[in-house]
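Read through the structure below, which is laid out as structure tokens, and then see the notes.
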Amino acid sequence: MDEQVVREICTIKPVNGWQYLKKAMKSKILDDEYEKRLYCEMRKKKRTSKMSMEDLSNEISRCLIKRPSLILNEENILDFNRNIFQSIQFNTNSTDEFDLSDFEDDEDNNEIVYTCQEQYLRSCEKYHVVPVSRFYRQLEGNSVILKNHQFSKGEFKACAVALMCNGTVTKLDIEGGQIGAVGMSHLSDLLYHTDLLVELNLTKNDIGRKGLILLAEAIDKNLKLKELNLSDNNINGDDCDIVRQIMEGDNMLQSLNLSHNIICILGGQHIARGLAKNDGLKVLNLSWNRISGNGAAAIGYALAKNSDLEVLNVSWNGFEHGGAHALAHGLSQNTCLKELDVSSNRIGQSGMAKLMKGVKENTTLEALKIADNSIITSDTFLVLLTLEKHEQLSYLDFGNQPVTDEFAEKVSEIQKVKKIVVKYGKIIRNPNSRKTDGDDRMYISGDPLLVMLEFTRMKKIHILDIFRAFDTDGSHSISWEEFGQGIEHNKLPIRPSDIDKIIQRIDINMDGQVDFSELVIAHKEHTKKVEKFTARGEDVFQRSEIGIINERLRKWFADSFMREKSSTEAVS
């Protein structure tokens, strides 16, 4: 090829530079990020600065020749421009998955401005998909929420094109959309070229490693995205090197949710390295990820180097003793963490003791959740004593962990001096602190629950009246403590040592509270048994366990009457 022909191919005519760039975009010759960015920048200049076509074409020519990936290689420059020339000459059809010209009219001088809703309808027509009415309606607002709408390829492409033109949507929630890596390519272009989205929920979208890579590249260029939810996307330990890049990148992310994935040990190590270098995240959720061993330890030690994270959720993993030891080390040196959730991590007594040592040395922690770990009732009191003098701690969550009455009393004592919320389960009375039963004549032997229910039946006391009498604080439920106090206050013939047996049989869900429905169920079952025995005859009833208790109660009523009469006469 002679020198003159080469020169003609390599030189883009100023007057037609803009047209050549547009046609090259459609022909997929300019398919890397440099040309896409250039196209968007020039398009913006053309609309805002009202540059003449000649000036615009000159600038495009200079940018194309000096593109970073080709500047050191003249042969590449020649091949690149030759490809543009051939593409325009033969009018190659576009096969690009995400065509930036989809939202631009072909007429440059008389462009028609479409609303994002109109653009969405045009895109749906172009890609032969039915418009999603929920999406269409929400385009005018600040958020688009399409949970559990499984997108087809064309559907999500049309949505991405519409969002590219949108100027109001800051929150996008497509949980359960199953957009995959292909959909992620459209979404990454949206994130790359627009700075509108602040919150993005991609839960259950199966984006895979390819989608994660595209997302990482787009986030690195985005200056607005602050909240990202990647929960339940089958992200494994090997994929977490990409997550690490996101955490180490120069982006604006403040909240990252990676829960319900399969990060495991390797992923935990990757995330720990990212956490140590991250200086922007405020909230990190790693719950339900099978993180254990070295992965758990690495995350714990990484807290010592992090200086921004405020909320860390590592619940439902396997931190155990080693992870608790590492967390203690990290907490002792950390100066920013405010909330830590280590619930359901198989942390035993020794691990909890180590963790408390780290918490005690920490000066910023305000909330600690340690529910459902392998600790016994007595350990909860030791934890409470350890954290009693912590200056910042105002919320302590033991979940449904049973505690002693000594624990409950200590909580009340602390709350008089310090504002703190302590969540715990049922109160188990300490056998050593139980009241003595006293005079045996005051009580009826036998099943204590049957004694209580038969007593109310014989006295014709309505079950609602019992509930109201026992519910002293008006909370519409009766705590174990209130139940015991109610029995003693109303002088039911039941031994104090047997009260716990009654509660354990009535409290069906074992939440430490006796609900009205639970009391009604117990009362109905008792009434059915009485009717069953009496239907068979008086003799059958008297020989039954309920009949025996009935007879004892009759004697007890008579004896009580005589005792009261004697005491009255003695006073008079």
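If you go along the chain as it appears here, the first residue is 1 and each next one adds 1.
Just so you know, glycine gets a Cβ as well, placed from its N, Cα and C.
What TrEMBL says about this one:
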| type | residues | note |
| --- | --- | --- |
| DOMAIN | 458-493 | domain 'EF-hand' |
| DOMAIN | 494-529 | domain 'EF-hand' |
Quiz item: Excluding the flanking five residues on each side, which residues at least 6 beyond the ends of the domain 'EF-hand' (494-529) place their CB within less than 8 Å of a CB in that stretch?
Solution: 400, 402, 425-429, 434-437, 443-444, 448-454, 456-457, 463-464, 466-467, 470, 476-480, 483-484, 487-488, 544, 546
Practice problem: Provide the three-state DSSP residue tally for the domain 'EF-hand' (494-529): helix first, then strand, then coil. | Solution: 25 helix, 3 strand, 8 coil
Quiz item: Of the residues in the domain 'EF-hand' (458-493), how many are helix, strand and coil by DSSP?
Solution: 19 helix, 3 strand, 14 coil
Quiz item: Averaged over the domain 'EF-hand' (458-493), what pLDDT does the prediction give?
Solution: 80
